[in-house]
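Undergrad: Below is the structure I would like to discuss, written out as structure tokens.
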Amino acid sequence: MEAWFFENQTGNFGIKIRIKSILYHGKSDFQEISVYDTYEFGKMLVLDNAVMFTDGNEFIYHEMLSFIPLFAHKKPENILIIGGGDGGIIRECLKNNFVKHIDLVEIDGEVIEVSKKFFPQIASQIDNKKVSVKLEDGIKYLKTVNNIYDIIIIDSTDPVGPAEGLFTKDFYESAYNALKEDGMFVAQTESPFFNKKLIKDVNHIINNIYKISMMYYAMIPVYPSGLWSFTVGSKKYQPNKINEVYKNIDLSSLDLKYYSHEIHISSFILPKFIKELLN
């Protein structure tokens, strides 16, 4: 008998993925965690019945959430990642030789353990000596730090449950205060087809807090609609421009599968319907 995984985005639309087997299912103090083996994309991590990533295309999300700020900032030495317990953002950030230290603030330690067991190629750098793991609420943590990070990356789940507070004005202001004077902030901001109000609201808030705010996007096949947005706020650097220090770097040495200098620039060229949404 065939087995399928369903994720409903609305009452009228969702995604369906055929699975070979359930490799893991458990419930932490914060959410349900599942790992499936799929026919199309290999292993797949699911939190509260929402797809986080698959082996087959995780590189798109992790590279695009990381390398846009990493290559726009001149010298990102100190990084904060909120969420991201799977380790994918850590793996990508450590490809930048300027990075000296990463704080990973993850509320759910079970996500880290499950990722290490079932996705070792993604979680490979969590125990790197440059990384400090803090098992706590990222919202509360941000209120305790000031002017110490070059880049803050929000690798969150959808804006429900424990992640709901990661999409608020109060949270974004805390992130601003935690950044150095030339710091950058970036977050995943959902689908421009199904999360119009969220995107409009977040863009408005970021635009009012930061000197520079922009949205960019990537195509991620296992996310609802396939079109996924990211919003960046910057105190100094233009997010859509590659910093001069990286323009001659050999990207082939970084084991990248999606990001390139051309993708960096073109990802900020928004379709008309998204421009109209933001305005």
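Cβ from N, Cα, C; glycine included.
A TrEMBL annotation is a machine prediction, not a hand-curated record.
Straight from TrEMBL, here's the annotation block:
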- 2-235: domain 'PABS' (DOMAIN)
- Gln31, Glu106, Asp137, Gly138, Pro162: S-methyl-5'-thioadenosine binding site (BINDING)
- His62, Asp86, Asp155, Ser156, Thr157, Asp158: spermidine binding site (BINDING)
- Asp155: active site, proton acceptor (ACT_SITE)
Undergrad: Do you know which of the binding-site residues Asp137, Asp155 has the most other C-beta atoms within 10 angstroms of its C-beta?
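TA: Top count of Cβ atoms within 10 Å goes to Asp155.
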Undergrad: Just counting, how many other CB atoms are there within 10 A of the CB of Gln31 (S-methyl-5'-thioadenosine binding site)?
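TA: Gln31 (S-methyl-5'-thioadenosine binding site): 22 neighbouring Cβ atoms within 10 Å.
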Undergrad: His62 (spermidine binding site) has how many other Cβ neighbours within 10 Å of its own Cβ?
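TA: His62 (spermidine binding site) is surrounded by 25 other Cβ atoms within 10 Å.
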Undergrad: Roughly how many Å separate the Cα of Asp155 (spermidine binding site) from that of Glu106 (S-methyl-5'-thioadenosine binding site), to the nearest whole number?
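TA: Just about 10 Å between their Cα atoms.
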Undergrad: Per DSSP, Glu106 (S-methyl-5'-thioadenosine binding site) is which: helix, strand or coil?
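TA: Note: Glu106 (S-methyl-5'-thioadenosine binding site) is coil by DSSP, not helix or strand.
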Undergrad: Between the binding-site residues Gln31, Asp137, Gly138, which lies closest to His62 (spermidine binding site), Cα to Cα?
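TA: Of the binding-site residues Gln31, Asp137, Gly138, Gly138 has its Cα closest to that of His62 (spermidine binding site).
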Undergrad: Just to verify a number: CA distance, Asp137 (S-methyl-5'-thioadenosine binding site) to Ser156 (spermidine binding site), in angstrom, no decimals.
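TA: Each residue's Cα considered, Asp137 (S-methyl-5'-thioadenosine binding site) and Ser156 (spermidine binding site) end up 12 Å apart.
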